[in-house]
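Features of the protein shown, as given by Swiss-Prot:
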DISULFID  CYS5-CYS23  disulfide bond
DISULFID  CYS11-CYS34  disulfide bond
DISULFID  CYS20-CYS39  disulfide bond
DISULFID  CYS24-CYS41  disulfide bond
Amino acid sequence: DRDSCVDKSKCAKYGYYGQCDECCKKAGDRAGNCVYLKCKCNQ
């Protein structure tokens with residue numbers, strides 16, 4: 001689910017958030033991005 005993306009997805013310092021984005025999409029969100037090195041899913 002969406003909350004597990006925050007724990008599972010590593011966010012690199014410089015904007016690489018492919019893992020986060022993928023995880024959020026699987027959880028049913030449109031996209032994910034990184035805020036302060038944490039994965040956030042966009043509804």
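Positions of Cβ are set from backbone N, Cα and C atoms, glycine also.
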Spatial neighbours of CYS41 (disulfide bond) among the disulfide-bonded residues CYS11, CYS20, CYS34, defined as Cα within 10 A: which are they?
CYS20, CYS34
Spatially, which candidate from the disulfide-bonded residues CYS5, CYS20, CYS23, CYS24 is nearest to CYS34 (disulfide bond), comparing Cα atoms?
CYS20
Mapped DSSP class for CYS5 (disulfide bond), helix or strand or coil:
helix
Measuring Cα to Cα, how many Å separate CYS5 (disulfide bond) from CYS11 (disulfide bond)?
11
In whole Å, note down how far the CA of CYS39 (disulfide bond) lies from the CA of CYS24 (disulfide bond).
9
